[in-house]
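Trainee: TrEMBL lists these features:
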type	residues	note
DOMAIN	B:49-93	domain 'NADH-Ubiquinone oxidoreductase (complex I) chain 5 N-terminal'
TRANSMEM	B:60-79	transmembrane segment
DOMAIN	B:110-393	domain 'NADH:quinone oxidoreductase/Mrp antiporter transmembrane'
TRANSMEM	B:117-135	transmembrane segment
TRANSMEM	B:147-172	transmembrane segment
TRANSMEM	B:184-201	transmembrane segment
TRANSMEM	B:252-269	transmembrane segment
TRANSMEM	B:304-328	transmembrane segment
TRANSMEM	B:384-409	transmembrane segment
TRANSMEM	B:476-500	transmembrane segment
TRANSMEM	B:547-570	transmembrane segment
TRANSMEM	B:582-599	transmembrane segment
DOMAIN	B:589-653	domain 'MrpA C-terminal/MbhD'
TRANSMEM	B:604-624	transmembrane segment
DOMAIN	B:663-746	domain 'MrpA C-terminal/MbhE'
TRANSMEM	B:664-685	transmembrane segment
Amino acid sequence: MEELTAVLIGLLTACAVYLMLARNVLRFIFGLVLISNAANLVIFLGGRLTAGAPPLIESGQTAPPPGVANALPQALVLTAIVIGFGLFAFALILMFRAHATLGTLDSEEMRLAEPRPDLRAVDEADAMPADAEDPMPATDEAATDEASGAAR
Amino acid sequence: MAGAQGRNGIVAGWLPVAIAAALFAFFVSLAPEVAAGRAPAVSWDWLPSLGIAFGFRVDGLALTFALLISGIGALVLLYSNAYLAGHPQYARFALFLTSFMLAMLGLVLAADLIALFVFWELTTITSYLLIGFIHEDPKSRRNALQALFVTGGGALAMLAGFILIGMAAGTFDIAAINAAGLQAHPWYGAILVLMLIGAFTKSAQVPLHFWLPNAMAAPTPVSAFLHSATMVKGGVYLLARLHPSLSGTEAWLWSLTLFGGATAVFASLQAMRQTDLKQALAYTTLMALGTLVLLLGQSTGYALTAFAAFLVVHSLYKAALFLVVGCVDHETGTRQVGVLGGLLRPMPATALAAALAALSMAGIPPLLGFIAKEIAYASAAQSFAPLLVAATLLAANVLMVAVAGVVAIGPFWQRARGPLPKAPHEAPWAMLAGPLLLAALGLGLGLLPGPVQTYLVDPVVLGALGPGAVPAELKLWAGVNLALVLSGVTLALGIAVWLARGAARRALERALGALPSLDAGWDGFMDGLKAFAVWQTRIIQGGRLRVYMATMFVVVAAAVGGSMLLRGALPAWPDLSDVTPQNVVLLGLIGAGSVLAAFTGSRILAMAALGVTGIGVAMTFIVFSAPDVAITQLLVETLIVVLVAVALLRLPQLDPTGRPSFRPWDAALAAAVGIGTTLVLLAVLQQPLDLSLTAFFEAASYPEAFGRNIVNVILVDFRALDTFGEIAVVVIAALSSYALLRTTAPVWGRGPGGTRR
């Protein structure tokens, strides 16, 4: 059973990597979700799988019965799930914000900080500053509008 | 002028002078003990596990330097207080200069190589701050950085050399290293080269000399103190300090003689060419450093006596001359040879100091400079290549005579060449005390060289060559001998060059101007370094997410798969006998969900497939006895699907064409990473598992933390800080997301309430 789970984790990882290599950042985020799951399963599997024996101490006892599941990886995975979720939520909203500002989900087109060398060479003078400056004032106004709306 | 001196305040203006004077008095009080052959020392454990101590030892060499540093330091600090009277940042200046002085004292007194290195770097840093003191000037900043990089780079080489010495000798204690010697050690060559790089950068030997003339961007008292009398002698000090361990070999003899000789001659030619008095003095400092290195290369009693005597006399007259030039600059507003003249009448005291110091520099009896020069000539006769050494010294000294004339005669004794920027008048007493005292010492110690011999020169020579060495005697009249003849020739030729200084300057201008400029080379090197940084950043950080990801995954696949193949660590064929149909369905569900998510072109389908995978993982946790994990996973998966669904409302289709394109190369890379992961896991599963931590938690959970759910106890009790960190991560993610969404109003449109997760 553990061996089969190892094979499944490999499949999960492969799908995640394939998604993370896509140009569309939404696919990248799907890949992020899958690779988080794969990583959690790796930790869980590393502590070995035990069916039907959760690590609990019965009342009246001071120690769990022998042969309960390994508690340590469970605690680590619990932490990892929550942190993975935090990362996912932030990445999703970052992507969302990037789409709102740049109007694209294609990571190849998101070149605000590091413009493409060919573009930089051709129209360094006007194209890039326009690209770089246009969205920001618009969103600043938007922020003001939104803030006043919220105040109302 | 008294009012002007008061403007810097007591603390900034006078406290540093008092500190320096007190230190000087302290070192003077140690002199008899050191002259008697003892070396007072203190030491504290610093890093005992590495055999590194923090200690000071005052032997002859250290005391000579310490007296020069604290004595000249006191005079320079007194001078600065008037020179920069009322400067808004004088307190900063005084702090830097005092810190430098203490660092320099630490350098020469350190008994341990590592402590010496720390103080060495402190002098580099304080020197950087002082050269760049006029920080509004870009040239000043650039020159400060240049000095920092060159001497700092040399210091790194020196540190490597120190570590080699420490390993070779088994100790970092300098006295113990010198007692054993390193000449026979197999690493001697490497150690010598590293020491020479460190010493030659600090003491500005050709071809690493170019930073020193630029360092004259500093205010004049700094040039007088750091870049003439003390700091630049750090490299010379290092060579003298390790003389017993490193000297005596062919490599030592030739490298010091050639580099020192080349520096001395090249620098005196450069000095003759300058029209700025301060630049001319800067190059004569280079010449002095070259001569000191040259003398250290020889290992005779005469050469070491000449070294010690010249070290002292040079510090005295060069500091005096720099301070004189500072006075001239301060009172007339210019340092140009072609403009200055007729200052004898308005500035008689300055002229006297200049004349005395220049006579010492030219080596004219009865000044101390004469004695030092005589012994240097005498040592040439005993050296391994008398002709080479004597000719080098002669050439350098001839030009010294001429430069001394340019500095001391031109501005004062010649007629004024025209109006000066400021009407000249005598400098205040605080600025005259230093140059007059130092110049007078050159005369007084020349007439009565006894104390120099007893307290400064003999301890240095005996320390460097061992107790059996015979220092040469310092005396004005040694009879008619080769040295006296050479002195006469030097003086005659020097005066001739001075008389023909205009023609000499033009000839040198042509000859040296044709040489490639190392300073320009430095700028080219720095520009090249920056261009390289830009180029490699563009390659490594091209701004394409796909390239970053692909690079990372290729490295992971190659590192994991490659090392498994290389080491033959592939796992055995898995045993699948315990597989139940229920579990196959469960795992098949997860696998199908992930494959679908990876290859679908529909957003809704992808979302649903992600959900299936997530719920499948949660069910796996349930089946294999992790109910708490499963609950968390279910909650998180639900939230993920909700968040993605909300975001999708505002986002375009996954593919512009509506159909996903298959990417074979990406699929191959993904397969490699996936297979690697499986192989590693299988290999891990075939290793025994260490359950000792789990056993601890199982045993301690109830008795110590009173919890029956072991996973919970681990999270909130044993690893509570970890959980706190986890909460902090979620809070930070939430706050950042909120900040990001607040500026997305026109697209989001529903206010922040709709975005909370």
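Quick reminder: no glycine exception, Cβ is built from N, Cα and C everywhere.
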Trainee: So what's the mean pLDDT when you look at the domain 'MrpA C-terminal/MbhE' (B:663-746)?
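Mentor: A mean pLDDT of 90 is what the model gives the domain 'MrpA C-terminal/MbhE' (B:663-746).
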Trainee: Could you pull out which residues elsewhere in the chain have a CB under 8 Å from any CB of the transmembrane segment (B:252-269), counting only those six or more residues past its ends?
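Mentor: Distant Cβ neighbours of the transmembrane segment (B:252-269) are 192, 196, 200, 204-206, 209, 239, 246, 283-287, 289-299, 383-385, 388-389, 392-393, 395-396, 398-400, 403, 508, 511-512.
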Trainee: Can you work out which residues elsewhere in the same chain, 6+ from the ends of the transmembrane segment (B:184-201), have a Cβ less than 8 Å from its Cβ atoms?
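Mentor: Here the qualifying positions are 120, 150-151, 153-155, 157-158, 160-161, 164-165, 167-168, 208, 235-236, 238-239, 242, 246, 249, 251-252, 255-256, 259, 293.
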Trainee: Summarise the domain 'MrpA C-terminal/MbhE' (B:663-746) as counts of helix, strand and coil residues per DSSP.
Mentor: 70 helix, 1 strand, 13 coil
Trainee: Mind checking which residues reach the transmembrane segment (B:117-135)? Cβ under 8 Å, same chain, six or more beyond either end.
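Mentor: Contacts with the transmembrane segment (B:117-135): 89, 92-93, 96-97, 99-100, 103-104, 106-107, 110, 141, 143-145, 147-148, 151-152, 155, 158-159, 162, 198, 202, 215, 217-219, 222, 226-227, 231, 234, 238.
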Trainee: Look over the recorded stretches B:304-328, B:384-409, B:604-624, B:664-685 and say which has the most C-beta pairs under 8 A to the transmembrane segment (B:547-570).
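Mentor: Ranked by Cβ pairs under 8 Å, first place goes to B:664-685.
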Trainee: As a test: from B:147-172, B:304-328, B:476-500, pick the stretch that has the greatest number of Cβ pairs under 8 Å with the transmembrane segment (B:384-409).
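Mentor: Answer is B:476-500, with the largest number of Cβ pairs below 8 Å.
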Trainee: Given a Cβ distance threshold of under 8 angstroms, which distant residues of the chain, six or more beyond its ends, lie next to the transmembrane segment (B:304-328)?
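Mentor: Apart from its flanks, the transmembrane segment (B:304-328) reaches 64, 68, 72, 75-76, 79, 83, 220-221, 223-225, 228-230, 233, 236, 240, 277-278, 281, 284-285, 288, 291-292, 295-296, 298, 335, 340, 343, 347, 350, 353-354, 356-358, 360-361, 368-369, 371-373, 375-376, 378-379, 407-408, 411, 427, 431-432, 434-436, 438-439, 441-442, 445, 452, 456-457, 460-461, 464-465, 469, 471-472, 474.
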Trainee: Where DSSP helix means H, G or I and strand means E or B, what are the helix, strand and coil counts for the domain 'NADH-Ubiquinone oxidoreductase (complex I) chain 5 N-terminal' (B:49-93)?
Mentor: 30 helix, 6 strand, 9 coil
